[in-house]
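Q: Found this in Swiss-Prot, in case it helps:
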{"type": "REGION", "residues": "1-58", "note": "region 'Interaction with NAA15'"}
{"type": "DOMAIN", "residues": "1-152", "note": "domain 'N-acetyltransferase'"}
{"type": "REGION", "residues": "175-229", "note": "region 'Disordered'"}
{"type": "COMPBIAS", "residues": "179-201", "note": "compositional bias 'Polar residues'"}
{"type": "MOD_RES", "residues": "SER186", "note": "phosphoserine"}
{"type": "COMPBIAS", "residues": "204-213", "note": "compositional bias 'Basic and acidic residues'"}
{"type": "COMPBIAS", "residues": "214-229", "note": "compositional bias 'Low complexity'"}
Amino acid sequence: MNIRNAQPDDLMNMQHCNLLCLPENYQMKYYLYHGLSWPQLSYIAEDEDGKIVGYVLAKMEEEPDDVPHGHITSLAVKRSHRRLGLAQKLMDQASRAMIENFNAKYVSLHVRKSNRPALHLYSNTLNFQISEVEPKYYADGEDAYAMKRDLSQMADELRRQMDLKKGGYVVLGSRENQETQGSTLSDSEEACQQKNPATEESGSDSKEPKESVESTNVQDSSESSDSTS
């Protein structure tokens, strides 16, 4: 399974995945809008045959008086590839890209009040908090929870990893002990290794604004089903 940045020629297959998984669907111009405006923020999951089995469509909110923050427009994983943690990986990758490219402080999304599996994913796995209820947010009149995830902890972790890389180390995990003694790494503490220059790599549910509401009623999750809007 591979997670990678979405390319323009992925958009048709992302739309197809959306149609299979979610009741909130978008015209192709909406995918193009995201892809052209924020090409760094949307990701796809593909299987061993290169077929798209999940995606996250994301953007930055354009509110000049607010702190920089991102928004998850849509997240879906095909039924055949659920319970593999793909939704969490897609969400984390999009959030990291928001921090690295736009210095985002938090990320937001909307989810149907009735979508218990997605709420479980966002609240229990990804640490989103409900910020408010938006009445009749969806085209069928259902209310949405507006949710936010603070990105300061992830930003600190990314800075730490960058500092380690600058010092000549590659981080092998997300919460490793940063201390080494001499050139020896003990089994219980360090999860960093000296870089090898030869092998180092470079590098929601919706209406259309009130044409379009986003769909984050995820159809996947490490636990059950994920989706967002």
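Even glycines carry a Cβ here, placed using N, Cα and C.
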Q: Of the residues in the region 'Interaction with NAA15' (1-58), how many are helix, strand and coil by DSSP?
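A: Per-class counts: 24 helix, 15 strand, 19 coil.
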Q: Mean pLDDT, the region 'Interaction with NAA15' (1-58)?
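A: The answer is 90, the mean pLDDT of the model over that range.
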